[in-house]
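These notes are about the structure you will find just below.
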């Protein structure tokens, strides 16, 4: 039976007991409102550890001034049930007061320069500072041997890898493949905001990513690939934040050849969707 913890001392006691037994612990950080993509992170975490701890915390420091923290769906009972079915051993459910004892406005914040300041960082200033701040605290609280993050949030994964390397956290960071519906739409908590009419239109993001890959393989210029992708999304009714081709390190490519990642962020109505494709 899955264990739930609301108090840090009790969680640390259980983790210490596991570690005395020589067991490896993996962490799966989440903000709740979980779906099959999140459950796949737990399944993957089991390959890297003997015990899996998931955290559920809607983090106020990663919400911008125009992003409604209070409206983010909170479904803890369903989330815990789903995590148990996925094979999770424990769930950490901290309060805002426990995570930020000095208050959100006065808390010490983390910043990962460079990679956190482009793309999502440019569209959502301060977002990755909030992500780094909460993830660093979760690492210190849980002290996992491994932590699993979805590749759907490609830039977030890159930011966390940079923070872990620079601060020498002794934690293995694992990226989990994107989980998609049968029509290609990446699973996301935001998909529930799409109307019945918008839902089939949203699949054009994945088709556009595939088109960007085809353009790259065919030798098209980066400028042409990005322009065509933006035009295709706009034709389907999207407001495009970015549709870009980058190196795996999220730098602008300066030469042909090598791996690439295509990244898209676009708004359909009021719903902002992100996706990416590595090739």
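Note: Cβ is positioned from N, Cα and C throughout, glycine not excepted.
Small disclaimer: the values here were computed from a predicted structure and weren't measured.
As recorded in Swiss-Prot, the features of this protein are as follows:
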{"type": "ACT_SITE", "residues": "38", "note": "active site, proton donor"}
{"type": "BINDING", "residues": "31-38, 150-153, 179, 187-190", "note": "ATP binding site"}
{"type": "BINDING", "residues": "62, 156", "note": "(R)-pantoate binding site"}
{"type": "BINDING", "residues": "62", "note": "beta-alanine binding site"}
Residue among recorded positions 38, 62, 156 with Cα closest to the Cα of residue 179 (ATP binding site): 38
Alpha-carbon distance [residue 62 ((R)-pantoate binding site); residue 34 (ATP binding site)] in Å: 18
Nearest recorded site to residue 189 (ATP binding site) by CA-CA distance, among recorded positions 38, 62, 156: 38
Proximal but sequence-remote residues of the same chain as residue 156 ((R)-pantoate binding site) (Cβ under 8 Å, at least 6 apart): 120, 128, 131, 149
Cα-nearest neighbour of residue 62 ((R)-pantoate binding site) within the listed recorded positions, 31, 37, 38, 151: 31
Lowest local Cβ density among 38, 151, which the record lists as recorded positions, within 10 Å: 151
Rounded Cα separation (Å) that holds between residue 31 (ATP binding site) and residue 38 (active site, proton donor): 10
Sparsest Cβ surroundings (other CB atoms within 10 Å) among the binding-site residues 34, 179: 179
Listed in sequence order, residues with CB under 8 A of residue 37 (ATP binding site) and six or more positions away: 150, 152, 178, 179, 186, 187, 188
Local backbone state of residue 37 (ATP binding site), from DSSP in three classes: helix
Most crowded position, judged by CB atoms within 10 A, among 31, 62, 189 as binding-site residues: 62
